[in-house]
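For reference, Swiss-Prot has these:
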ACT_SITE  232  active site, charge relay system
ACT_SITE  324  active site, charge relay system
ACT_SITE  358  active site, charge relay system
MOD_RES   416  phosphoserine
């Protein structure tokens, strides 16, 4: 009997969907190795492998059969995706073009040899970033440079602006996936894209105000207010937008700073200067990476750099990786909570994830624990451990959807934190 590798869904799925992986037609108790490989848009290969043993019927199902070792061990149905590692050091898996899928190749090899035995079965699966019917609409309105993703069914939908970090450009993959959940999501560029400024010396809130007004006035966006979703620098900018601008009902901040970092934030006649960088506090890890977690002065000392969150009437959710080494995300979330409550504002929800690092992405993206930081100009450690980080991403994705459905007025069941 020939071995078969069975996937469900079989040929394609959305990136954030679970994938069922099973093998049939093996010998009873046969030892095998499963391998996965994905090539990104720049040609880098990401790989994972795990050793398994078939049951007495010659079958194994990753949802019921524990891995015996390899890139991960134990019962990990999606480990062949989240445990992938790049063949290039310090390389982060990023989807640049959401109109094409990532192609994942899976294979079953005989035995547990490190280099792999005879190939017994093989399958190819497409992981898509646009759910069927999701509409992708490039936006060039006034100064706004963005891409709007709309669900397939008729609107209006709850609206969300999505912001990434200091890498600049326009990343669409989180917005495109979220649009498949019933939201109108606009991925917003703010520098180093098209005709936008090439650097971040000053972040003018008027640009972001234009983006907010555009999305709020869109005929397929439900009012009166919209949501913000930001990670890292995008979280910092989301806090500034919620503090200075009108029409923002809800904001999710993923590992964001409460201080202006590396640039000035300005709105009308107000300016927030960047927090002081403490270069003597940059440490080196045993792997030769820079650790910058202590390299920013506390905004409790540099008080002028503290974003005035007390002005905001936005409802906040903070998602925090407790092993974030980019900066002190948990400290920032706690200080924001104290400041809001001291001014009679609603206490924000803070969900902390132990051993999760800086880049909390949609589910199944591999952990990027180290890489180039543009403001530092060197490879730094971002923190995190693969399994707890993967579990954090899974939970955070559900939490932010539940939060936005509740705050922006659409129905969704509550999701309890898993960690």
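Heads up, the Cβ atoms here are built off N, Cα and C, so glycines get one too.
On a predicted model such as this, the values are computed, not experimentally measured, just so you know.
A separation of roughly 5 Å, to the nearest angstrom, links the Cα atoms of residue 358 (active site, charge relay system) and residue 324 (active site, charge relay system). Cβ-based neighbour count (10 Å, all protein chains) for residue 232 (active site, charge relay system) stands at 26. Considering other CB atoms within 10 Å as the measure, the emptiest surroundings among the active-site residues 324, 358 are those of 324. Cα of residue 324 (active site, charge relay system) to Cα of residue 232 (active site, charge relay system): a span of 10 Å.
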